[in-house]
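Participant: Dumping the structure here so I can ask a few things about it.
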Amino acid sequence: MAAHCILFSSPAATTSLIFPISNPNTAVSLPSSSFHGVSLKSTINRQSLTLSAAASAAPKPLTVFAATKKAVAVLKGTSSVEGVVTLTQEEDGPTTVNVKITGLTPGPHGFHLHEFGDTTNGCISTGPHFNPNGNTHGAPEDENRHAGDLGNIIANADGVAEATIVDNQIPLTGPNAVVGRAFVVHELADDLGKGGHELSLSTGNAGGRLACGVVGLTPV
């Protein structure tokens, strides 16, 4: 004899009840329920409206960040030499460096970006020139140069050096970002790697470190 059953769905418990029937002609008394088709339809309609409203909600506007980045370094030393260096970069373009340093002897002075922003032992602890590509020292316009090779700044008769430098190798963001590194102004002129001295290809034979300052981001 084939088995017969009635499948009864209970909306209150969200389960299905199966009642076996040995005799298909036997009347079966189903559990009583307060379920009404109209109520179910109303619930579905409300859910549909909610989902439809969520799907049609307007997307949130994107946040746009400023493309201009700025940084500053305040240079101090053991002597009277001091100064301020500001850096500005537009999007992924070159970085513009504005320099003003006072207390120098008149004439050229080597000006470099050094690898570390560590001044715990004065300017000597800023380490070597920033050189992520492992090149020898050179002039700013040379293809083979340290990224931190920024040439010379020239102090006038009053000991004030002002300069604007535009350079592609000292970005404010990315893997070679200069933030957290240090600018150093030197005692002597940088020979730009061409002086023939044993230090020409490492430091430009620019002499001692007069003042230094760590690069930090500033508000745009």
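Yeah, the Cβs are placed from backbone N, Cα and C, and that goes for glycine too.
Because the structure is a prediction, the values reported are computed rather than measured.
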Participant: Given that Swiss-Prot assigns His137, His146, Asp149 to the Zn(2+) site, pick the one from His114, His129 that the record assigns to that site as well.
Facilitator: His129
Participant: So, in Swiss-Prot, which cysteine from Cys5, Cys123 is disulfide-paired with Cys212?
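Facilitator: Here Swiss-Prot pairs Cys212 in a disulfide with Cys123.
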Participant: Counting across all protein chains shown, how many other Cβ atoms sit within 10 Å of the Cβ of His114 (Cu cation binding site)?
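Facilitator: Cβ-Cβ neighbours of His114 (Cu cation binding site) within 10 Å number 24.
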Participant: In sequence order, which residues at least six apart in the same chain have a CB under 8 Å from the CB of His146 (Zn(2+) binding site)?
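Facilitator: Expected: His112, His129, Phe130, Asn131, Asn135, Thr136, His137, Gly138.
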Participant: Where Cys212 (disulfide bond) and Asp149 (Zn(2+) binding site) are concerned, what is their Cα separation in Å, rounded?
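Facilitator: Distance (Cα to Cα, whole Å): 15 Å.
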Participant: Could you tell me which of these disulfide-bonded residues, Cys123, Cys212, has the fewest other Cβ atoms within 10 Å of its Cβ?
Facilitator: Cys123
Participant: Out of His114, Cys123, His186, point to the one nearest Asp149 (Zn(2+) binding site) in space (Cα versus Cα); all of them are recorded positions in the record.
Facilitator: His114
